[in-house]
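Below is one structure, written out as structure tokens; the observations come after it.
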Amino acid sequence: MLAWSKSIGRCTVSFISVLLTQLALFLVPLFFSASPILIQLTLSALVLVVVLGFGGWCKRLLGFNASAPAFVFCSIFFIWGVHIAIVRQAISPVMDVLFNVEMIMLIIGLFRLFFFSLQSFATSIIWIMLKDPGFVVSESFSLGKLNDNSVLGVQTHNESSLLQMRARYCKSCQTYVQGFDHHCPAFGNCIGQKNYVLFMVLLVGFITAEISYIVCSSQFTSKFRVLEENRVESGSILVMARSTLLFCVLQVLWQGPFLIWHVYCICFNIRTEEWVNWKNYPEFQLNASSLSGENYQETSFKNPHNKGILQNVKEFLTLK
């Protein structure tokens, strides 16, 4: 019961955070409607940074905890609600059906990836929903000899198999994950070998749905611009459509490079954790002695897992 109450409380805080964030973004097109889109985007980005930063400070000050996955869900349903209540009035039935199908598929995928932490801090009970990222559990591993930045490096005879597993330690989950890429706060789960493909599908799904909403919202604002004369009702509707459009554009602006980075990682068979902390993993280190005869070795990066782009992509598609 205590776990459920804490979970509901975290979701409630996240829901309020989404409403306050969207309300703050609403003020940008409300007061700067005549400004160019780049100015509005810049102001919206600043508003997001300030609101989220201030909100995080307030939550820490008051001792409230929020749920990042719940924040993502609430944001999705907020955008979807604006689309159903406002934007769909001015777009074609085909675009309306397409966007709704994208949102349904996105939510189904999120349910497969998310885990909900119904966790009592006293008992540390975690219910993991549906998708294990590749948690490593084996009694044969001497976990006491491990550190946070190492491969599961235990007995010598296990080293070769463990290197193939590419098991890394996640500080957030406090466990080892096979093929660990990173811990995703927004999804509330590690991204590893068993859910990396699903993660990429969801990332593409997010960007596709956001671009679809941007197109739909742009059509709405252009068709209903004549209603701006009535500032009481139609004006607020247009502002809401524009503020959610700006929100989705900002999401695409950071998710796009994020997608490109992961496509690069897939093509060259490297994980984010391995790229950032390669000096902690011996298999990525190439030692070269100094030519001057000095007792000095230069360590450079090598990727032992790179088998060529085609083979790397094939290996990614067969992850399980």
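A Cβ is built for glycine as well, from the same backbone N, Cα and C atoms used for every other residue.
Outside the transmembrane segment (12-32), and at least 6 residues removed from its termini, the chain residues within Cβ reach (under 8 Å) are 39-40, 43-44, 47-48, 50-52, 55, 59, 64-68, 70-71, 74-75, 78, 238-240, 242-244, 246-247. Summarising the annotation, TrEMBL assigns transmembrane segment to 12-32 (among others).
Tertiary proximity for the transmembrane segment (38-58) is limited to same-chain residues at least six positions away from its ends with a CB under 8 Å from its CB atoms, namely 17, 20-21, 24-25, 27-29, 32, 64, 242-243, 246-247, 249-250. If you look up TrEMBL, you'll see 38-58 (among others) marked as transmembrane segment.
The transmembrane segment feature in TrEMBL is assigned to 70-91 (among others). Only residues 6 or more beyond the boundaries of the transmembrane segment (70-91), in the same chain, are considered here, and those with a CB under 8 A from a CB of the stretch are 10-11, 14-15, 17-19, 21-22, 99-100, 103, 106-107, 110, 186-187, 213, 216-217, 219-220, 223-224, 237, 240-241, 244, 247-248.
Marked as transmembrane segment by TrEMBL: 103-130 (among others).
Taken from TrEMBL, the feature domain 'Palmitoyltransferase DHHC' covers 164-279.
Sequence-distant contacts of the transmembrane segment (196-215) (same chain, six or more residues past either end, CB-CB distance under 8 Å): 79, 83, 87, 95, 98-99, 102-103, 105-106, 109-110, 112-113, 131, 133, 179, 181, 184, 187, 244-245, 248-249, 251-252, 255-256, 258-259, 262, 266, 316-317, 319. The transmembrane segment annotation in TrEMBL covers 196-215 (among others).
TrEMBL lists 235-254 (among others) with the feature transmembrane segment.
Sorting the domain 'Palmitoyltransferase DHHC' (164-279) by DSSP state (H, G, I as helix; E, B as strand; all else coil) yields 76 helix, 14 strand, 26 coil.
The predicted model assigns the domain 'Palmitoyltransferase DHHC' (164-279) a mean pLDDT of 86.
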